[in-house]
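As given in TrEMBL:
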type	residues	note
TRANSMEM	48-70	transmembrane segment
TRANSMEM	77-96	transmembrane segment
TRANSMEM	140-158	transmembrane segment
TRANSMEM	164-181	transmembrane segment
TRANSMEM	188-204	transmembrane segment
TRANSMEM	224-245	transmembrane segment
Amino acid sequence: QFLRVTKQYLPHVARLCLISTFLEDGIRMWFQWSEQRDYIDGTWNCGYFLASIFVFINLFGQLSGCILVLSRNFVQYACFGLFGIIALQTIAYSILWDLKFLMRNLALGGGLLLLLAESRSEGKSMFAGVPTMRESSPKQYMQLGGRVLLVLMFMTLLHFDTNFFSILQNIVGTALIILVAIGFKTKLAALTLVIWLFGINIYFNAFWTVPAYKPMHDFLKYDFFQTMSVIGGLLLVVALGPGGVSMDEKKKEW
């Protein structure tokens, strides 16, 4: 019922949510150019010129990638460019050594994999009726990799407390991420995770309640839009399905 009502709009909403963190970060690079440049220069002692080049690459790469994705032009090239931005930031901001942020960056990469798979399916649609089983195999594994990477976001939300609510949340959340990862009842599980994650995001990352001059404002804002990107990836799972490498697909053979 949900898919029938939202079939025309869901992929567009998913793509907008998915690129939201890149859009926000690109705009932030513009307004905080000197702060970002000084941070990179101070961390790596690379000089103002190289630090400025880093900020420019992030600004131009992210904003141009977002424009290409939203306009549906050269989407595959845009995805590869955004993959490069994730890798560059992972090294530059020392995210590689922070497990929580590393897992969230990997989840963001999972969303881009799903977007890449969607763009491949659109490219193949012009050859309707032509056998493409061999060519579609990479798409299936992209969808599998995207699903598995997306669930890393939820692993960072698990809390090992002894109160009833935390235990219930961990059990339900773990069950849902397993269902998405193996591709069983995938669309329902992914949609449930979207609702759950959106509620958590609004509650815990309400950056608009913190004054803009406080450092916590930027931290919550970054976290909010990164979570929205993972929500976008899950919405793509809802819209596209789990792909060929999944329990749902194997059920059809049984």
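Counting begins at 1 with the first residue displayed.
Glycine residues also receive a Cβ, built from the backbone N, Cα and C atoms like all the rest.
These figures come from a predicted structure and were not determined experimentally.
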For this session: Rank 48-70, 140-158, 164-181, 188-204 by Cβ pairs under 8 Å to the transmembrane segment (77-96) and hand me the top one.
Result: 48-70
Exercise. Which sequence positions outside the transmembrane segment (164-181), separated from its termini by at least 6 residues, show Cβ-Cβ distances below 8 Å to it?
Worked result: 147-148, 150-151, 154-155, 157-158, 189-190, 192-193, 196, 234, 237, 242
Exercise. List, by number or range, the same-chain residues at least 6 past the transmembrane segment (48-70) whose CB is under 8 A from its CB atoms?
Worked result: 15-16, 18-19, 22-23, 25-27, 29-30, 33, 36-38, 40-41, 77-79, 81-82, 84-85, 88-89, 92, 115
Problem set entry | Intrachain neighbours beyond the transmembrane segment (224-245), with Cβ under 8 angstroms and 6 or more residues off its ends | 3, 7, 10-11, 13-25, 104, 107-108, 110-111, 114-115, 117-118, 121, 136-137, 139-144, 146-147, 150, 153, 180, 183, 186-187, 190-191, 193-194, 197-198, 200-201, 205-207
